[in-house]
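S.K.: Not my notes, these are from TrEMBL:
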TRANSMEM  A:6-25  transmembrane segment
TRANSMEM  A:45-69  transmembrane segment
TRANSMEM  A:75-96  transmembrane segment
TRANSMEM  A:116-133  transmembrane segment
TRANSMEM  A:153-171  transmembrane segment
TRANSMEM  A:183-201  transmembrane segment
TRANSMEM  A:339-359  transmembrane segment
TRANSMEM  A:396-421  transmembrane segment
TRANSMEM  A:433-454  transmembrane segment
TRANSMEM  A:460-481  transmembrane segment
TRANSMEM  A:488-511  transmembrane segment
TRANSMEM  A:517-539  transmembrane segment
Amino acid sequence: MNFSYAVTAVALVVVATVLVGAFGLRISRTTSDFYVASRTVGPRLNAAAISGEYLSAASFLGIAGLVLVQGPDMLWYPVGYTAGYLVLLLFVAAPLRRSGAYTLPDFAEARLASQGVRRLAGAFVVGVGWLYLLPQLQGAGLTLAVLTDAPDALGGIIVAVVVVATVAAGGMRSITFVQAFQYWLKLTALLVPALFLILAWQGDGAPRQAFDEPATFREQRSVRVKDTLDLRLERPLTVTVSGTVDGRRHDTERVALSAGTHRFERGTRLAFAPGDPVPAAARGAGGGMSTSLATGREERPLYATYGLILATFLGTMGLPHVVVRFYTSPHGVAARRTTVAVLALIGGFYLLPPVYGALGRLYAPELALTGDADAAVLLLPGRMIGGLGGDLLGSLVAGGAFAAFLSTASGLTMAVAGVLTQDVLPSRGVRHFRLGTVLAMAVPLAASVLVGGLPVADAVGLAFAVSASSFCPLLVLGIWWRRLTPPGAAAGMLVGGGSAFLAVAATMAGLPGTGSLHALLAWPALWSVPLGFLTMMLVSLATAARVPPGTAAILARFHLPEELHAEAKA
Amino acid sequence: MTGFLAGLCVAVLPLLAAGFWLGRRTARPESLGDLGTPVEHATFQTLHTASLAAPSLRAGLTEETARKSARRLRTLLGTDALCLTDQKQVLVWDGVGGHHRGEIMERLAGPLETGRGEAFPLSCATPDCPVRWAVVAPLTVDDRVHGALVACAPRESAVLVRAAGEVARWVSVQLELADLDRSRTRLIEAEIKALRAQISPHFIFNSLAVIASFVRTDPERARELLLEFADFTRYSFRRHGDFTTLADELHAIDQYLALVRARFGDRLSVTLQIAPEVLPVALPFLCLQPLVENAVKHGLEGKADACHIQITAQDAGAEALVVIEDDGVGMDPEELRLILAGEIGPSGGIGLSNVDDRLRQVYGDDHGLVIETAVGAGMKITARVPKYRPGVHSAARLTSE
């Protein structure tokens, strides 16, 4: 793959983002077109902006990588990421907008009139934001490493610097346009190459064994093991090895490997023959990017699937950067229309990554064992088409991937920095916002350099699980249950979100290795979300005397359309 | 291993932050143990307990505040049972012997009427009832009895009578302060109502005059202007809600400028740069139009050539930044300071100080107007409007698209 094209594409995306952010459509107008100058953001533009901010590295790279490694089960990811907006539309969108809240802590304060709950919500916003930023930076590092052989951390650092610089300098003034632009850029960057790839696939005779289990090599393929890893074989397999396997040196000789787990030292070169099954990476020492939660799934597939579904369905409403965008809608009805448009835009987008995943299983199955499965989207154009066309398409995809990192990371950074400046750092002012921006980015950047172990889509799944267990109960009960009390809300968030957070931390730290406990900790949503709801309701009922005064009026404002409310007050 | 450590750090950091915050919230000066003599120590202890009870009482005497403070007050008095009542019922009974509620309320009628303390034995059917005797000390605010503090003990004690009286007086002071707080809030509300913007009479007169001048020469134009005028006055005279949206306020500014342009024609040019994200922001009603009116006045005052006004609204995180800039005569900063301090009345219109006062009242002192000006150098007024503030909700729907 030609580096210069890809680097140029990435640089173009960065420059375009900064330019659109700083100057884009901020045209001065005279009074004669006052009407145009003061027009609110329409549902379609806002929906494109929300989608642009939402479609992160997990969507752009991660889903294809997971489908490549684990097959069609992983289609639950795009389904879940999309369906989250359905739940948002049905239960949250319009009342949240009518509450007048800009951030989630604002909502907590508006509903419960409690500074304590506000601060707790702020802490969770920061936690979820950091968890979500982490895979963005890792994904950026991976992308750059695959494209240019740069060190793993460099891409993350570049994204961090660009985002902090633009956000802190106030360069995201016309953020709606930037994000909407990013959405269309990402869609184009996946759609155009996908069309060419499908044509190439057709030209190849449209082979259909994409979802055979396990994936097999279609042609002679040589793989170099970058880091020491364990591979698990379902059946005995004979491969040509030059390097160290299970502690024994081999020098370009055929080795018969028995079924079971084998350790391959770094630098080992393996040559597979056509028709060989692709071995799966096993958990253990030296696990690469895509080992991770896979085994948890294999141990308790049904449990893991439901855990994933619950986390993604209910987690979307608690993502700080998504909630903030609903404030831009002029009223509740517009917020609902926006959500419908988001469903359409995101649904359309999510048709594409599985295509890459399926083609990846056909044409680049060895990615599953080098731990670079997340890079499938980036490598496929070069692999299937090749030549100048492949390079150009590959650089288009790379640019789109960087757009994904930049848009999600900047949205998250702004949300986290906003909470840090408002609720954590001592006083207000522009300087503190800059400090908050740096702080918001520094922590996940440090963590991404240190941790660096989870596949992108999995890490995002964990952020969703925490958000689903803390904010979903707060929002749903806050909007639909009049007996919610501040102590109840605080306890529910602490117990639900806190336990999910601990489970996530244990998983990221690699504790415990296997077994049902691992499955429970790796997919916490299935128990932590009901736990959060239950705690919130029970503690609220126990502290019934603390129902905030004016709850009826607050709920009326949440649920009545604005014009009705204005008339009622007049 | 590094992965494990890092994961641990990621997990522990927020917990540490939460712990730090909780610690700061609940921090109490408990470490006074070794300080001073036992007497001083006891004084510290007493003062500290009293200071813990104070905040809840500062919100007035209700069931909630009584419940929060009763435990502290009982520690202060060192009795077995303490009860706070209002004029009709027992608000809270802290400690043993809760079955005496009814009896206490019956015996309270006298003290509540006269406002004088009393001590009396309790009659009880339970043989080993721990409370046999009660001291009643009324709680008075402005010589009116609001309720009573009742301390119960197993036997008669002159010390308790004295102590209960003192504590009741201290509680009364707190309740008086609560009363003051309430009147202050009412005063602020009244002030906000009084500050409610009104459009200047000069503007009405000038607008009608300019419309009249068009009636013969350009009846169509006159009709349009009259409609703008009607819309604008309807907006500024409306009576429901103290808040509006930035979009509605900008709409009113547009109507205002249309009327002003009819009068001054080409001498006035206005450019706008509005970030659509901030249009739904709620803000006090008519708090930007006076700034534009001020800019127009300064821009056209004392010069014959054109004046340029720039209106900008930017999205700045959790705030909207509204800037109104003119290139007119400007103002002496010292004079401006006096106007804002309320020492010189504004020459006409609503004036900057009114807008400044209202913004400060709604959003706090760090959200007043920031004005940059000098004589002959124009004027730049910046207002920072938070996107969310409890209690700030626009009453009207945004103008439909």
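All positions are counted from 1 along the displayed chain.
In case you wondered, yes, glycine gets a Cβ from its N, Cα and C as well.
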S.K.: Determine whether the transmembrane segment (A:116-133) and the transmembrane segment (A:460-481) share at least three Cβ pairs under 8 Å, counting only pairs 6 or more apart in sequence.
M.R.: yes
S.K.: Residue list, the transmembrane segment (A:396-421) vs rest of chain: Cβ under 8 Å, 6 or more residues beyond ends.
M.R.: 6, 9-10, 12-14, 17, 52-57, 59-61, 103, 105, 122, 125-126, 129-130, 132-133, 136-137, 139-140, 143, 147, 155, 159-160, 162-164, 166-167, 172, 175, 178-179, 182-183, 185-186, 188-190, 192-193, 320-321, 324-325, 377-378, 381, 428, 432-433, 435-437, 439-441
S.K.: With a Cβ cut-off under 8 Å, give me the same-chain residues at least six positions beyond the ends of the transmembrane segment (A:6-25) that come close to it.
M.R.: 144, 147-148, 162, 166, 171-175, 177-178, 181-182, 185, 391, 394-396, 398-400, 402-403, 406-407
S.K.: The transmembrane segment (A:517-539) vs the transmembrane segment (A:460-481): three or more C-beta pairs under 8 Å (separation of 6 or more)?
M.R.: yes
S.K.: For the transmembrane segment (A:488-511), what are the same-chain contacts with Cβ under 8 Å, counting residues 6+ beyond its ends?
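M.R.: Cβ under 8 Å, 6 or more out: 108, 112, 114, 116-117, 120-121, 124, 127, 131, 293, 451, 453-454, 459, 462, 465-466, 468-471, 473-474, 477-478, 518, 520-522, 524-525, 528-529, 531-533, 535-543.
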S.K.: Which stretch from A:45-69, A:153-171, A:339-359, A:433-454, A:460-481 shares the most C-beta pairs under 8 Å with the transmembrane segment (A:75-96)?
M.R.: A:339-359
S.K.: Let me check one thing: do the transmembrane segment (A:339-359) and the transmembrane segment (A:460-481) come into contact, meaning three or more Cβ pairs under 8 Å with sequence separation of at least 6?
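M.R.: No, the transmembrane segment (A:339-359) does not contact the transmembrane segment (A:460-481).
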S.K.: Please identify the stretch among A:153-171, A:183-201, A:433-454, A:460-481 with the greatest number of Cβ pairs below 8 Å relative to the transmembrane segment (A:45-69).
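M.R.: Of the candidates A:153-171, A:183-201, A:433-454, A:460-481, A:183-201 scores highest.
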S.K.: Taking a Cβ cut-off under 8 Å, which residues six or more beyond the ends of the transmembrane segment (A:433-454) line up next to it in the same chain?
M.R.: 126, 129-130, 133-138, 141, 152-153, 156-157, 160, 163-164, 167-168, 287, 289, 292-293, 409, 412-414, 416-418, 420-421, 424-425, 462, 508, 510
S.K.: Do any residues, 6 or more residues outside the transmembrane segment (A:183-201), come within under 8 Å Cβ-to-Cβ of it, and if so which ones?
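M.R.: For the transmembrane segment (A:183-201), the nonlocal Cβ contacts are 13, 16, 48-49, 51-52, 55, 60, 207, 345, 348-349, 352-353, 355-356, 359, 362, 377, 380-381, 384-385, 389, 393-394, 396-397, 399-401, 403-404, 407.
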S.K.: Who are the chain neighbours of the transmembrane segment (A:460-481) in space, where the CB to CB distance is under 8 Å and they lie at least 6 residues beyond its ends?
M.R.: 56-58, 62, 77, 84, 91-92, 95-96, 104, 107-108, 111-112, 121, 124, 127-128, 131-132, 135, 293, 307-308, 310-319, 454, 489, 492-493, 496-501, 503-504, 507-508, 523-525, 528-529, 531-533, 536-537, 540, 555, 558-559
